[in-house]
Amino acid sequence: MDASHRNHRNPAFVGDDGRSTASTMDISASNTAAPRDNIDDLESSKLPEERATWGKGVEFLMSCIAMSVGLGNVWRFPFTALDNGGGAFLIPYLIVLFLIGKPIYYLEMVIGQFSSRGSVKVFDLCPAMKGVGAGQAFQVFMLNTYYAALVAIIGRYFFESFQNPLPWAACREEWGSNCINSAPDATNWSQVESENQRPQNSSVKSQNDRLITSSEWYFVKEVLHETPNIEDGIGLPNWELVIGLFVAWACVFLIIRRGVKSSGKASYFLAIFPYVIMGVLLVRAVTLPGSLDGIYYFIKPQWGKILDPKVWYAAVTQCFYSLSVCFGNIIMYSSFNKFGHNVHRDASIVTALDTMTSLLAGFTIFGILGHLAHEIGTDDIGSVVKGGAGLAFISYPDAIAKFKQLPQIFSVLFFLMLFVLGIGSNIAMTSCSVTAIRDRFPNFKQWQCSLLIAVVSFVIGLMYITPGGQYMLTLVDFFGASMIALVLGIAELYTLGWIYGTDRLCKDIEFMLGRKVGLYWRLCWSIITPLIMTVILIYFYATYEPLTYNNIVYPNWAYGIGWTITAFGILQLPIWMIVAIIRDPGQSLGQKIRGAFTPKKNWGPTDPLLREQYNKEIENDLTPKRGKGIWAAIKQNIFG
């Protein structure tokens, strides 16, 4: 595609209404559309006549920020960094962001916007790999069900934060004599000695006599009513958390009931408000005595860990899940963009902001911990709070309870921030499921589909707020997310980079945005990113250990459920590959296989005029180097 051929088309051929502004005469006055096979005609007829678009481009950006900047940035990143070398962790993390996070984010934005298709339908670019989208849709649905349960628990803590004193600040008689107060000046019925008030919970030889803070007892006994094991079942839901779960799903439904028209408006609040609270907490944190010691402790590098494979694995997983890449959410959101929207700029903004937010959260949290260490007279800031799964509901409340002046203000702000962050991410995951269904069944109305998913997810979510709920949450998170995400993510990268082709992808970007694609993007999409992800997958399975919860082994039936979930997600790949080959109209098996790995005839921009123009140009661009051998094809795919 020469420059003179393009200048009159891009980016001006898309107006504010998202439709083509180029005339029929300019694009193709006399040519008819390329013939399509019956299957493509049938599927084209199922598409709605006009796809909704974001009211303003900034709504898409805000929605991506609300989706990507979530709970993982606030409660997971600071302690992942601390456990993996502190400031030294930032080096592999930034490298991983540059080589994995940003390339995949931009890649998914591009294919979603270019095709105006959701995360499943977008694999019209390679029908045989439709299982990637189907598996990711299943994975996101599983994530969605337990993510809302976490939001419900956050809501419970937010509501309880208005009490004076905080309900987790002091021990209760029924919790036993090994309880110590989280608040140092609280009255403790067991009169634990003052030296035992240290938050690191001085270890005792007998596990049964281990000192436990009141915040941990409160989470286990009052919020979860947790059972010691699930051999005899998981029990019945906690009615207080049922209310919280209902509120969470009511919020999600009300925001997405009208699609991007309503969620786009809510995105301003969901994206900006957490930063307001985080800013308030940061300003307060850095003005506290000892806070700078805590921040220094956070960023101080432990250089001995920088070559540890576990640190690099932690960096990849943190980046992967923090940005929500390879889950389908980014493809879904960008599919509602106008055709010429500048996603290159938005991808750069969101990935940079996600990292900045993680650092900001680290400074805030460790500033507070530095102050607490100053208050209790210890130099070991790492002992003030412990990481792990209960960080948000045990360690942070424990730290908040130690504030001598108005801990309620900090608690209300902190859990309100977490609630808004959780809702923002939940909206993206639910919208992804809704879009996948409506792309397949366009007559299914937005509010009906949203209500159906909310109700079904609410019912499934009741499982996670039972006495054995955290066991099931950990199980589904591991087998329904971690075990599936890497496999499907790698399949997605090889599909886009080599089956569809990096070179064709770059030409699509040139057609859509009118800008050349640099060598950095080409190398990442074709070689670097899929290769690193493959190594990470091998490392994941090489270091696999049977899942436990609090060092408790699951019963065999639980492992059976877990592996069934994993198998269902991954088996979407061969199942849909076979379906695509059978459905292809080719006469021989070879023709059917080639057809299944070739984009459908209706692949491309949804505007018929643009698609006709695109088909002509892409055919002209791909023809010159066909039939020149495998090495010529590889070189063309990577370098153009």
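Just so it is clear, glycine is given a Cβ too, placed from its N, Cα and C backbone atoms.
Worth saying up front: this structure is predicted, and the values here are computed from it rather than measured.
Annotation source TrEMBL lists region 'Disordered' at 1-21.
Beyond the ends of the transmembrane segment (57-75), by six or more residues, the same chain brings 150, 260, 263-265, 267-268, 270-272, 274, 278, 318, 321-324, 329-330, 333-334, 336-338, 341-342, 346, 349-350, 353-354, 357-358, 361, 365, 391-392, 396, 417-418, 421-422, 424-425, 427-428 to within a C-beta distance below 8 angstroms of the stretch. What TrEMBL lists as transmembrane segment is 57-75 (among others).
Around the Cβ of Leu421 (Na(+) binding site), the same chain contributes Ala66, Val69, Gly70, Leu71, Asn73, Val74, Pro274, each under 8 angstroms and 6 or more positions distant in sequence. What TrEMBL records for Val69, Asn73, Ser322, Leu421, Ser425 is Na(+) binding site.
Long-range contacts of the transmembrane segment (87-107) within its own chain (CB-CB distance under 8 A, at least 6 residues past either end) are made by residues 80-81, 298-303, 305-306, 311-312, 314-316, 318-320, 322-323, 325-326, 330, 343-344, 347-348, 350-351, 354-355, 359, 489, 493, 496, 505, 521, 524-525, 528-529, 532-533. Taken from TrEMBL, the feature transmembrane segment applies to 87-107 (among others).
Per TrEMBL, transmembrane segment is recorded for 137-159 (among others).
Summarising the annotation, TrEMBL assigns disulfide bond to Cys171-Cys179.
Per TrEMBL, the feature transmembrane segment maps to 239-256 (among others). Using a Cβ-Cβ cut-off under 8 Å and counting only residues 6 or more beyond its ends in the same chain, the transmembrane segment (239-256) has close neighbours at 148-149, 151-156, 159, 223, 262-263, 266, 422-423, 426-427, 430-431, 434, 446, 450-451, 454-455, 457-458, 461-462, 465.
Residues or ranges marked as transmembrane segment in TrEMBL: 268-292 (among others). Counting only same-chain residues 6+ beyond the ends of the transmembrane segment (268-292), those with a CB under 8 A from a CB of the stretch are 59, 62-63, 65-66, 69, 74, 357, 360-361, 363-364, 367-368, 370-375, 410, 413-414, 416-417, 420-421, 423-424, 427.
What TrEMBL records for 312-336 (among others) is transmembrane segment. Within its own chain, the transmembrane segment (312-336) is flanked in space by residues 51-54, 60, 63-64, 67-68, 70, 72-73, 76-77, 80, 83-84, 89, 92-93, 95-97, 100-101, 104-105, 108-113, 115-120, 122, 133, 136-137, 139-140, 143, 259-260, 343, 350-351, 354, 358, 425, 428-429, 431-432, 435-436, 482, 485-486, 488-489, 492-493, 532-533, 536, 539-540, which lie at least six positions past its ends and keep a Cβ under 8 Å from the stretch.
Taking Cβ pairs closer than 8 Å, the transmembrane segment (348-369) reaches residues 61, 64-65, 68-69, 73-74, 77-78, 81-82, 90, 93-94, 97, 101-102, 105-106, 275, 278, 281-282, 285-286, 288, 291-292, 294-295, 297-299, 322-323, 381, 384-385, 396, 399 in its own chain, all 6 or more past its ends. Residues annotated as transmembrane segment in TrEMBL: 348-369 (among others).
The annotation transmembrane segment is assigned in TrEMBL to 412-437 (among others).
Long-range contacts of the transmembrane segment (449-466) within its own chain (CB-CB distance under 8 A, at least 6 residues past either end) are made by residues 141, 144-146, 148-149, 152-153, 234-238, 241-242, 244-246, 249-250, 252-253, 256-257, 430, 433-434, 437-438, 472-473. Feature annotation from TrEMBL assigns transmembrane segment to 449-466 (among others).
Annotation source TrEMBL lists transmembrane segment at 478-499 (among others). Within its own chain, the transmembrane segment (478-499) has Cβ neighbours under 8 Å at 104, 107, 111, 123, 125-126, 129, 131-132, 135-136, 138-139, 142-143, 317, 320-321, 325-327, 505, 525-526, 529-530, 533-534, 536-537, 540, 547, 561-563, 565-566, 569-570, 573, 597, 637, counting only residues six or more beyond its boundaries.
Residues or ranges marked as transmembrane segment in TrEMBL: 519-541 (among others). For the transmembrane segment (519-541), same-chain residues at least 6 beyond its ends with a Cβ under 8 Å from one of its own Cβ atoms are 96, 99-100, 103-104, 106-107, 309, 313, 316-317, 482, 486-487, 489-490, 493-494, 496-498, 502, 505-506, 637-640.
Residues annotated as transmembrane segment in TrEMBL: 561-582 (among others).
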Determine the Cβ neighbour count for Ser322 (Na(+) binding site): the number of other Cβ atoms within 10 Å of its Cβ.
25
Non-local residues, at least 6 beyond the ends, that sit with Cβ under 8 Å of the transmembrane segment (561-582):
127-132, 134-135, 138-139, 142, 475-476, 478-480, 483-484, 487-488, 491, 547, 554, 589, 592-593, 596
Would you list the other residues of this chain near Na(+) - those whose C-beta lies within 8 angstroms of the C-beta centroid of Val69, Asn73, Ser322, Leu421, Ser425 - in sequence order?
Met67, Ser68, Gly70, Leu71, Gly72, Val74, Asp354, Thr357, Gly424
Beyond the flanks of the transmembrane segment (412-437) by at least 6 residues, Cβ under 8 Å:
63, 66-67, 69-71, 73-75, 118-121, 133, 137, 140-141, 143-144, 147-148, 150-151, 154-155, 157-158, 161-162, 248, 251-252, 255-256, 259, 263, 266-267, 269-271, 273-274, 277-278, 280-281, 324, 327-329, 332-333, 335, 392, 396, 400, 444, 446, 449-450, 453-454, 457
Surrounding CB atoms that lie within 10 Å of the CB of Cys171 (disulfide bond), all protein chains:
25
Using the alpha carbons only, what distance in Å do you get between Cys171 (disulfide bond) and Ser425 (Na(+) binding site) once rounded?
34
